[in-house]
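Notes for the one structure printed next.
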Amino acid sequence: MTPLFAPVPHRLGLYPVVDSVEWVTRLLDAGVRTLQLRIKDKTDAEVETDIAAAIALGQRYHARLFINDYWRLAIKHQAYGVHLGQEDLETADPDAIRRAGLRLGVSTHDDMEIDVALAVRPSYIALGHVFPTQTKQMPSAPQGLAQLAAHVKRLGDYPTVAIGGISLERAPAVLETGVGSIAVVSAITQAPDWRGATQRLLELAGVGDE
């Protein structure tokens, strides 16, 4: 099966998920070329201001910037892509996202949710959470490396992203499963030396294919 939405490279490389325009700026300056803006707890006006600014930055750096959840604003400001959770799929309009030419990523946590994602045929499928994580309340147990590898094998050539509790130390084992990309949060944003952590993760995962 191939994506119905605009395609992404099979390898998106290092894929940080951050919550501010400041982090988007830092990481683009540091050489990251795939990232996601996940905004929480802001007013509608602040959300739109931040999304518009982040998208403009992404375009300036020719980066793959995904907007989490706010698909209407992503379309309005012409983002590279949108990332939706399973619950977001129920309220979003995937056809509108596809018609606008945006890429779509979808979160999954088990085989049933992978089935749901495949029915939509997004640009990539996120597989998580691999390890315990403190950055987001999760309703399910961690998958672990064996289950991640099984999902990657099932999906074959479909672009995949691993997410959830992936640290610098765990990243090599995650990449050995064959997953196309690794999404990280605290491995960068909570690192004592975020710039050094970013460079080491880029050395492991790369910036992604063109």
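The backbone N, Cα and C atoms fix where each Cβ goes, and this holds for glycine too.
What Swiss-Prot lists as 4-amino-2-methyl-5-(diphosphooxymethyl)pyrimidine binding site is Gln36, Leu37, Arg38, Ile39, Lys40, Asn68, Ser107, Lys136, and the listing cites sequence analysis. Under the heading Mg(2+) binding site, Swiss-Prot lists Asp69, Asp88, citing sequence analysis as support.
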As a whole number of Å, the Cα atom of Lys40 (4-amino-2-methyl-5-(diphosphooxymethyl)pyrimidine binding site) is distant from the Cα atom of Asp69 (Mg(2+) binding site) by 10
Taking all protein chains shown into account, the Cβ-based neighbour count within 10 Å for Arg38 (4-amino-2-methyl-5-(diphosphooxymethyl)pyrimidine binding site) is 18
Cα of Asn68 (4-amino-2-methyl-5-(diphosphooxymethyl)pyrimidine binding site) to Cα of Asp88 (Mg(2+) binding site), in Å and rounded, measures 10
If you count the other CB atoms within 10 A of the CB of Leu37 (4-amino-2-methyl-5-(diphosphooxymethyl)pyrimidine binding site), including all protein chains displayed, you should get 29
Its Cβ having more other Cβ atoms within 10 Å than any other among the binding-site residues Asp69, Asp88, the winner is Asp69
Simplified to three states, DSSP reports Arg38 (4-amino-2-methyl-5-(diphosphooxymethyl)pyrimidine binding site) as coil
Filtered by Cβ under 8 Å and at least 6 apart in sequence, the residues in the chain of Ser107 (4-amino-2-methyl-5-(diphosphooxymethyl)pyrimidine binding site) near it are His83, Leu84, Gly85, Gln86, Glu113, Ala126, Gly128, Ile163
Same-chain residues at least 6 positions away from Gln36 (4-amino-2-methyl-5-(diphosphooxymethyl)pyrimidine binding site) with a Cβ under 8 Å from its Cβ, in sequence order, are Tyr15, Pro16, Val17, Val18, Leu65, Phe66, Ile67, Asn68, His83, Gly105, Ala183
